[in-house]
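The block underneath contains the structure these notes are about, expressed in structure tokens.
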């Protein structure tokens, strides 16, 4: 089974098809998203389990069960609880920069393997934790794995995928994140019923299963042609790999572009310093702005704390976990829809459609909570159901737009010479914002109350305007020819000016 691809590139043609080899390789690499999604889903779920709270966060448990004078919005306001959630992300932030060096010097495959192994160890320690400090140690090791996999997997997918279907291939990472979240909420829903109160151990330790799958499977992954050229300059080996993943012998045009990009990459010894150059200004802005906006939508607030939000509104423990499961299924469905549409209608239209959905739903959720949920007591079931439906609309909008596209766009716009460094900045900003919002959300919920949803809605307006004016369409542009979109953009062409570096004619391609 194969799908033909022909891509215009400065008069050249990129030939190829979607082969079983590239599909299997990318599916294996994309499974790194399973662990990320699983952790996002499991951390919020176990935080709503009574036995878990009693063992590690007794102060929160007392406020939830025994102190009736505490506001609904403040029951879970504990810095120790948010430290449990967010410690993973600060560790991931730090190690994403370590991963950038490993990825650039040794390739994408070693980073994926290191990430999987770190996850395995972190899951084992977390599942066996006997006090909160050991529990947080496990989270930190999970963060090491997160830094490595989130830095390397999107790059791997972008470099392996045919350009015409690169968006769909990259969305596979977000699909795996969604599958991981659903799996976590279903496991939480089952383990909360285990008598003896130790079900949370299964929930946390089960992260080791997809981690083992990733670490072992990555041993058999091929390196990308871009990485082979970058590290060994073995053009014949890269050409054979390119022929294998494209399913055709005629890969000369694509190979030439990869070799040219590799030469430019080798000329740069300090990629982080070079990112500051004027000609890379658009990529630098996008590597910071897109992950910042992806998190300021409030999605991880919903993902982490959905069970706690529904407990706040008076839902029972089982009902809150089931609501989180329903939201996960909705999100995954719309990520699949994004996979179908991203290479057909483009990135920008999906950003705008999803943004409108998120804006409207957040405003309505905030309005309902302001009107119907006071500081004490619970919300009527009809209004709680309406809020669940609106949150599902919000998650559908995110799944259609900022969820997958936040990874797709940032993995495809960077030139090879700065790709690892720029991707590590993307991951670091993403994880810092995840850490920051997770750390302050419960305090914000306590002080802002229902206004928290209006806060995130305002940011959705800002980010939608940013996309409309500053992000050009990247659909169907070959990854090693992406620089032309900035040169043709009405704003960025004035920022970058004349290129500061061009590959010499005699070095553009040296045939093997």
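Yeah, the Cβs are placed from backbone N, Cα and C, and that goes for glycine too.
As annotated by TrEMBL, transmembrane segment applies to 21-38, 79-100, 112-130, 136-157, 169-192, 198-221, 284-308, 320-342, 349-371, 383-409, 421-445, 451-471. Look at TrEMBL and you will find 25-475 tagged as domain 'Major facilitator superfamily (MFS) profile'.
At the 8 Å Cβ threshold, with sequence separation of at least 6, the transmembrane segment (21-38) comes into contact with the transmembrane segment (112-130) through 3 or more pairs. When each of the listed stretches 169-192, 198-221, 383-409, 421-445, 451-471 is scored by C-beta pairs under 8 angstroms to the transmembrane segment (112-130), 198-221 comes out highest. Here the transmembrane segment (451-471) sits against the transmembrane segment (349-371); at least 3 CB pairs are under 8 Å, leaving out pairs fewer than 6 apart in sequence. Among the stretches 79-100, 198-221, 349-371, 421-445, the one making the largest number of Cβ pairs under 8 Å with the transmembrane segment (169-192) is 198-221.
The listed stretches are 198-221, 349-371, 421-445; of these, 421-445 has the most Cβ pairs under 8 Å to the transmembrane segment (79-100). With a threshold of 8 Å between CB atoms, the same-chain residues lying at least 6 positions outside the transmembrane segment (349-371) that come near it are 297-298, 313, 338, 341-342, 379, 383, 386-387, 390-391, 393-394, 396-402, 405, 449-454, 456-457, 460-461, 463-464, 467-468, 471.
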